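> Sharing the record's features from Swiss-Prot:
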- 14-94: domain 'PDZ 1' (DOMAIN)
- 162-242: domain 'PDZ 2' (DOMAIN)
- S2: N-acetylserine (MOD_RES)
- S2: phosphoserine (MOD_RES)
- S46: phosphoserine (MOD_RES)
- S277: phosphoserine (MOD_RES)
- S288: phosphoserine (MOD_RES)
- S298: phosphoserine (MOD_RES)
- S299: phosphoserine (MOD_RES)
- T301: phosphothreonine (MOD_RES)
- S302: phosphoserine (MOD_RES)
- S307: phosphoserine (MOD_RES)
- S310: phosphoserine (MOD_RES)
- 113-157: region 'Disordered' (REGION)
- 253-368: region 'Disordered' (REGION)
Amino acid sequence: MSADAGAGAPLPRLCCLEKGPNGYGFHLHGEKGKVGQYIRLVEPGSPAEKSGLLAGDRLVEVNGENVEKETHQQVVNRIRAALNSVRLLVVDPETDERLQKLGVQVREEMLRAQEGPGQAEPPAAAAEERGAGGENEPPAAAPEPREAEQSPQERRELRPRLCAMKKGPNGYGFNLHSDKSKPGQFIRAVDPDSPAEASGLRAQDRIVEVNGVCVEGKPHGEVVSAIKAGGDEAKLLVVDRETDEFFKKCKVIPSQEHLQGPLPEPITNGEIEKENSPEALAETASESPMPPLARTASSDTSEELNSQDSPKKQDSTAPSSTSSSSSDPVLDFSISLAVAKERAHQKRVSKRAPQMDWSKKNELFSNL
């Protein structure tokens, strides 16, 4: 049997993963009617993708221990017990089927018999084709400086992607789902060798347009109906996680116009804070006259804000606002409503004519 395996028979793959800040980056699940645990989803840019792990792979061994007959929870516990690194022996569906027909039991020794050091290269080569970077440690560090630099060249890469596909015998080959924690419709998994994978569609992509129609904010059912309405062809405009965050910072919805040409500029927090700063709002209030209703509301608000101030504090601030309060006490926002009313009353009293002495009144009327 080992001779058959050595004579051009398909081989399993050994994927060595180093845990990242978000874990290994793959989802494990069991399939109905099948024995064993399968890789359901591999997150882009994760240690799992860089190791060559693919969605649809069947897990055979964990750190050299066969797990084909173990339950889902047993396999999960075994992977967790490995701490910061794990070694997974997997087979893709085609290899699995051919090895079962040959009656070959999948084991890690098969790779050692086939020039162990050299046999670890094919998974890395497959990872390079998928844009994951090299073999283990050195290639994994390559993308990180690019993310830290954030040069204009990198910004040009933050574009939406137009994935055009034709339906195959098993459909398009991707699963759509919605996430409760964030709006939008996302690609949950892409089947290997499917029209979706050939079009460049990737797991975790968010759908923006379906056949040229924007589906932002539409529910899951409407997006599915829009895809089905395309018949045997579909054109999906999608964004990956990083591109999605970039366009959200720019306050712009991605479109096919962004496939080429200039990209929008992100709106910085500094500009927003400057526009909403108290100084800017004060300048705007002083330059533009306020309607009567707004004046009343402002005076009520100032009363509420200064209700905790002591009388001494109000007296100390009064001289600085005498010029504005003498012309119109209602416009003085630094005093309370009660003080403003009192000043208005004093102003009306001060405008009255002085009272005349009774003797002068009698003398005036007697002359008449």
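Even glycines carry a Cβ here, placed using N, Cα and C.
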> Which numbers of helix, strand and coil residues does DSSP report for the domain 'PDZ 2' (162-242)?
17 helix, 32 strand, 32 coil
> Within 10 angstroms of the C-beta of S46 (phosphoserine), what count of other C-beta atoms is obtained when all protein chains are considered?
20
> With DSSP as the yardstick, break the domain 'PDZ 1' (14-94) down into helix, strand and coil residue counts.
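Helix (H, G, I), strand (E, B), coil: 15 helix, 32 strand, 34 coil.
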